[in-house]
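Below is one structure, written out as structure tokens, with a few remarks after it.
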Amino acid sequence: MYYYLQVHLDYLEAGANVIISASYQATIQGFEAKGQEAETLIKRSVEIACEAREIYLQRCAKGYWDFLDSPKIDRHPVLVAASVGSYGAYLADGSEYSGNYGASVTLETLKEFHRRRLQILANSGADLIAFETIPNKLEAQAYVELLKEENIDIPAWFSFSSTDGTNVVSGDPITECAKIADSCSQVVAVGINCTPPRLIHGLILSIRKVTNKPVIIYPNSGETYNGETKQWEKTRGETEEDFVSYVGKWRDAGACLFGGCCRTTPNTIRAISRALFDKSS
């Protein structure tokens, strides 16, 4: 567990204002299949993030920040987001990157799959729920209905993934998916994650056409995940410098929350933080 704590601290020290629990692939069904105590482990993923935040804020209060190689910016409150991965992330067969679950997976299938995990995470001490890498509008609709049915009283964000800059990975238009998110009062931000940086600008513009909610973007490195080999393939990865060169354009297009997903590092966050600070100074 110390490893996860240190990872959160690395990102906080790099300038992150939001850290995400390591619960993306943590599911009731997955843990129970391994004979492990699912509910305790899922809740623990959020508790570790909260512990890291407490350590970080204590260090800041003691002046520890002055010794970090990070931009000297005004610190905002640090939020902990509880991650909810898609049904495909549980299957671990690459379908989270295609959104193709087959005809047997219905809206009710998805709601019952996610329901108990959502209940646990909503009562774990997190500040908000991060529904990440949403691959199709069916799963987005399932999340919206669950938030209402379970009376979830902490806010959420919805972030989708895309491989063409127009649709989510299933082929559903990003505008239709964003409309579903926009319809839910508990959803306070809508955006994109685990998508190549070069596709983000157009997706921001599309999302902005159908919602006035804040747009969140946290792309991957630009590499491609192979669901068969379960490996990231170097197609068109971005260096930290290349990645950060997009940030100003994304902000001008209307995004206001920025980060990094798969194959990015604390150095990416440090560079984004600097880029935003330098532009606003």
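Heads up, the Cβ atoms here are built off N, Cα and C, so glycines get one too.
Lifted from TrEMBL, the feature list:
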type    : residues               : note
DOMAIN  : 1-276                  : domain 'Hcy-binding'
BINDING : Cys194, Cys261, Cys262 : Zn(2+) binding site
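Shown here: features listed in TrEMBL, placed on the structure.
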| residue | record | CB count, 10 Å |
| --- | --- | --- |
| Cys194 | Zn(2+) binding site | 23 |
| Cys261 | Zn(2+) binding site | 20 |
| Cys262 | Zn(2+) binding site | 15 |
Within 8 Å of the Cβ centroid of the Zn(2+) site residues Cys194, Cys261, Cys262, which other residues of the same chain have their Cβ?
Thr133, Ser161, Asn193, Thr195, Tyr218, Pro219, Asn220, Ser221, Gly260, Arg263, Thr264
